[in-house]
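Chemist: Below you'll find the structure I mean.
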Amino acid sequence: MPPKKAPPGPSKKTEQKKKEKVIEDKTFGLKNKKGNKQQKFIQQVQKQVQSGGQHPRQDGDKRKEEKEKKLAEQREMALIFKPVQTQKVEKGTDPKSVVCAFFKQGTCTKGDKCKFSHDLSQENKVEKRSIYVDMRDEDDPMTNWDDAKLKEVVEKKSSGEKQRPTTDIICKFFLEAVEKSKYGWFWECPNGGKCIYRHALPAGYVLKRDKKKEEKPTEISLVDLIEKERAALGPNQTRVTLESFLAWKKRKIAEKKAKLAAEEERKKSDFSKGKQFGISGREMFSFNPDLVDDGPMEEGDAAFDVYNREDDDDNAVEFKELDLAALSLAAKEVDGSGTIASTNRLLDQATEAAKTAAAEDAAADEDGPSSSAPANDAAPINKDLFVDLAGELDDLDLDDEDDD
């Protein structure tokens, strides 16, 4: 018998109507609300109902899980086909100077937390050759000898070849190379590989270039320098005062003017002789004003004239040029009289106050008790002076009305 057909499910229109009914029930009375919160709630309900109650972020989570699954598979394949042995570093070696083996194959998952270096150029960086170790001092045990080396040693001993003596003296070529920073893995001694002198510095040896750095010049402060120069002048010197300074300033200004005048005369004489080196264009026109007239006008030339503009606003303000030399010559010493307090000012004030008090006491003793008693010649006080003042004022008003 053929299998039973599955019962027909609800149509899409029916499902859509159900969803619209659910949305209408949940948002009843909120469609006409214009508040931001109400509108967001309506949109959220519509999205939930349309998506069938599933959270929209589930698709993103699925994609993330699939991506992680693929990465895990790639790691497993890399471990299968590209096995890497665990790196071991000798004691005292910086791990950052060793390139990570997993990083070379692109399988390192530690990133910046990896203790090994992820810089591929680190392999090209070789440790500098030590200047305190002679590479020829390394022991060469017999276990590392080959047949050729063994034969060479036997022949040397049988022939009785004399070995060149060795010494603790440092090779001068080695010292020169170290001082000039030329010593390295590619440096070779001019004496060859059989040089009897040492190619290493003893412990505690200081190079000349390092000595120069250590010998810093003694620094002296500005105050100490001024005091030193003043002491070197000697005791018999002219003291600088305002008058001597102004005289010196005046003499310097005169010397400067004389020097400028002599220089101008020299340039003028050179210009008259045809020498124009070191002469500016302004000086040329000042020495020979005829140079302004450059000949008759030609076709295409523009005519112009120079004149001074007269403006009331410009003439209303008068400007004066300040001459520092004239101001310095007109300077005078400050008169400190009346502005500087004396050292005995407090004692003087106390003495003056004591004198004033003594004078007042003496005057009081001379006057006697009559000075404190009231004077008998004083006019008597009339207590009823203003008693009838109100009546008098009323009489005055009546008189004024009668007059009117």
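Cβ coordinates are placed from backbone N, Cα and C, and glycine is handled just like the others.
The shown structure was predicted, so the numbers you read here are calculated from the model rather than taken from an experiment.
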Chemist: Annotation phosphoserine per Swiss-Prot: which of the candidates Ser97, Ser130, Ser181, Ser221 has it?
Modeler: Ser221
Chemist: For the candidates Thr93, Thr109, Thr167, Thr218, I need the one that Swiss-Prot annotates as phosphothreonine.
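Modeler: Cross-referencing Thr93, Thr109, Thr167, Thr218 with Swiss-Prot, phosphothreonine lands on Thr218.
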Chemist: Can you check which of 236-264, 294-322, 352-380 Swiss-Prot lists as region 'Disordered'?
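Modeler: It is 352-380 that Swiss-Prot annotates as region 'Disordered'.
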Chemist: A 10 Å Cβ contact count, applied to the modified residues Thr218, Ser221: which residue has the minimum?
Modeler: Thr218
Chemist: Based on DSSP, tally up the residues of the zinc finger (94-121) by helix, strand and coil.
Modeler: 12 helix, 2 strand, 14 coil
Chemist: Could you tell me the mean pLDDT over the zinc finger (165-202), as a whole number?
Modeler: 82
Chemist: Counting by DSSP secondary structure, give me helix, strand and coil numbers for the zinc finger (165-202).
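Modeler: Tallying H, G and I as helix, E and B as strand, the rest coil: 8 helix, 2 strand, 28 coil.
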Chemist: Determine how many residues of the compositional bias 'Low complexity' (38-50) DSSP places in helix, in strand and in coil.
Modeler: 13 helix, 0 strand, 0 coil
